[in-house]
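For reference, the structure is listed below as structure tokens.
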């Protein structure tokens, strides 16, 4: 049996060739990308999919839940539902509440479990299976750095959520990664002058540090700035992440001669170590003729809730707080509060801002092509997202804005009113050179996954 | 000197918790011959007895204050716990003492859970290999965890110690060493005392009651005790329930130290197995002494002077000791011949 019944001739070969050519060209003739460079996960339907990768379990689950709420609210506002939130106060007016580039915004979510491998697996799933064009999320610098490098290799944009280590936009910076949140270098620069006023220049500090990238970065920055004030560092002790009982690390503090304890912990670790430090009577102690003090460099209201009364009078820094009275913050608190019944956390604000910033950049670029979106974000100046005038620096993809120094409130008026803003440190005071010794790195080149 | 005293006290306090958890574990192993990987989950369930009791007490009456508004424009809600609203000062007192009072709830609940676990699942695995027992109990632990997670969420729920014992005690001043030299939290000392009392009660129960005598006889030679016409199985069921209560109470009292979440049992499970192995499988005195020994060693290993010589020793000391003990005394410190050897 033969497959060709008719004898081959010039005419039938020509016919078959034309038909084959048309068939091969069809998928690209009718799609818009036929005439532009293709890129990974280019949205072809009526929707564009974003991937929200947050910790839904594990040590940072509280933050993760609030991040997800903010993302969902941002998507609503982008699609024209709700009251528009900070879209109304945002300095760029490119977005009109009708999606982005004419496409409705949809999203998929993943659970990072606050573990790098789980976070990479869920980001990979969202990129490969769900066709996510952008990944965002965080709540742990270790996770953010791991996911950022995955997005760089895959060729999608990564908009970092809550990640505070210098390394995210320092030595591990990537061309496809962007961070709105502040970092430990800025915390050090903002906190030091306030600590000097409140505690003087003759102090002996004892650090307890979460043993991973963020902890090391935080410890380094605080040491650098407090030692410049004239403080001594008595000891810097590393504690395993998720240690639970910190008592064996707290007992050596008691008779170390230190008069300040700096807790470079975040999330559940910070709740446990601060609560236990207070139980050990550290706050009632007098050392070297001075009142013993505790400092928590990175604060959040969610943590303050978990630590209860232990937080009162303790200094720290934060990216944003719901009591701010600028138009952007007020609009965000109003729409978040009406939606969920309580005010947003700093994690929620940075995630909301990052989603809006990505959507705005894509709208201004007129495409979702990652490198075009990145170019639209680089060097961009904006206002109205809650932190005052902000600059997205092109050299390291780090946002520069004012930093808040806060203190645990002595007489809270409600269960949410736990932190008071002591000082708003102006942007100029926390700026640093992108090639500074502790933070220099190589951005590399943008990858669109084609 | 004060540092060493302080670290010793901390070691005793940590050891109290380890001993309490390991005690129940080794009790189950010694009597039933079952390796119970769900023991950590029992500790966690105990802690959530305290959480549930507190939540029950804190059920709030919500009234709306129309004169005040929130930052997002809705009227301010004022919340007062029902207990306080109806019982006044006594309500306030019981809220303050919710952790110790919840022991009264935890005992019957844990007895019931222990009973149901043994009758419903574990008894079917007595004659099966240890690997099967480990698999089924580990699976059970995961199921219990997920149930707690679905009810209470994934986040830790802080519990407070009563006001009287919430601060720190100046032990240095009490011992005449000078004020502020040795300061230790009251609640941790309460926990140490509590663990010693519970351990003493369990030992006394096994040592001085007829029931305890039969159980000990059963541990030594199950078959002969059975031939004497004693229903040893029923007694062992009760022993399992008692072990569940011990683990549960350890969990209840631990809540002011560590805000409980669904995963807290797993963190303690590995540690308590190391304690049991170091102490000797099936030996009650071994488990208790190993608990205190490892607590103290862990505490001393965290001293900066020690870490300056051996960096990172604080994180591996427990496992290092386990390796050394198993090399030198393969049956553990007080292990009996023939346990887990056939």
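Just so it is clear, glycine is given a Cβ too, placed from its N, Cα and C backbone atoms.
As recorded in TrEMBL:
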type	residues	note
TRANSMEM	B:15-35	transmembrane segment
TRANSMEM	B:42-59	transmembrane segment
TRANSMEM	B:94-113	transmembrane segment
TRANSMEM	B:164-184	transmembrane segment
TRANSMEM	B:191-215	transmembrane segment
TRANSMEM	B:235-256	transmembrane segment
TRANSMEM	B:268-296	transmembrane segment
TRANSMEM	B:308-328	transmembrane segment
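If one looks beyond the transmembrane segment (B:268-296) by at least 6 residues along the same chain, the residues whose Cβ comes under 8 Å of a Cβ in the stretch are 8, 11-23, 25-27, 29-30, 37, 39-40, 43, 141, 199, 202-203, 206, 219, 318-319, 321-322, 325-326, 331-336, 339-340. Contact check: the transmembrane segment (B:191-215) against the transmembrane segment (B:94-113) gives fewer than three Cβ pairs closer than 8 Å, residues 6 or more apart, which falls short of the contact criterion.
For the transmembrane segment (B:42-59), the most Cβ-contacting stretch among B:15-35, B:94-113, B:308-328 is B:94-113 (pairs under 8 Å).
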